[in-house]
Amino acid sequence: MKFLILFALVAVAAAGQVKFTDCGKKEIASVAVDGCEGDLCVIHKSKPVHVIAEFTANQDTCKIEVKVTGQLNGLEVPIPGIETDGCKVLKCPLKKGTKYTMNYSVNVPSVVPNIKTVVKLLATGEHGVLACGAVNTDVKP
């Protein structure tokens, strides 16, 4: 399991452009999720989800901490089983102003409820928010 349901990656043939909300400072250029296009991304539990994201680093950093959450009853709830070390997905250090592509693959844990929610990925570097994006998601069995 790896980084960003939301950030810079290598092309996956079936990936479609997904509408996303940038909750950072416009670092993210694009997000593509395997099998998804448009406003809502349907994902299935216990099946791999491939994400490709492009972003520009807003800081020099030697570490990246990743947090992926889903909204549940108005609360941001961490999604279990997500790799939190972004340097395992991207080669650190990152250089400010450089464009990166991240290829992230993760199995949606079976404990995640069947729900329409907003999945948010927050990547933090040594000097604060590195990138943040959110995608409307429908989790199904």
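Including glycine, each Cβ sits where the backbone N, Cα and C put it.
Copied over from Swiss-Prot:
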| type | residues | note |
| --- | --- | --- |
| SIGNAL | 1-15 | signal peptide |
| DISULFID | CYS23-CYS132 | disulfide bond |
| DISULFID | CYS36-CYS41 | disulfide bond |
| DISULFID | CYS87-CYS92 | disulfide bond |
| CARBOHYD | ASN103 | N-linked glycosylation site |
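Recorded features from Swiss-Prot, shown on the structure.
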residue: CYS23; record: disulfide bond; Cβ within 10 Å: 16
residue: CYS36; record: disulfide bond; Cβ within 10 Å: 25
residue: CYS41; record: disulfide bond; Cβ within 10 Å: 24
residue: CYS87; record: disulfide bond; Cβ within 10 Å: 17
residue: CYS92; record: disulfide bond; Cβ within 10 Å: 14
residue: ASN103; record: N-linked glycosylation site; Cβ within 10 Å: 20
residue: CYS132; record: disulfide bond; Cβ within 10 Å: 21
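A strand conformation is recorded for ASN103 (N-linked glycosylation site) in the three-state DSSP classification. Between the CA atoms of CYS36 (disulfide bond) and the residue listed as 'N-linked glycosylation site' there is a gap of 15 Å. A straight line from the CA of CYS132 (disulfide bond) to the CA of the residue listed as 'N-linked glycosylation site' spans 16 Å. Residue pair CYS23 (disulfide bond) / CYS92 (disulfide bond) shows a Cα separation of 23 Å.
Counting only the Cα atoms, the space from CYS41 (disulfide bond) to ASN103 (N-linked glycosylation site) is about 17 angstrom. Cα-Cα distance from CYS87 (disulfide bond) to the residue listed as 'N-linked glycosylation site': 12 Å (rounded to the nearest whole number). Straight-line distance linking the Cα atoms of ASN103 (N-linked glycosylation site) and CYS92 (disulfide bond), rounded to a whole number, equals 15 Å.
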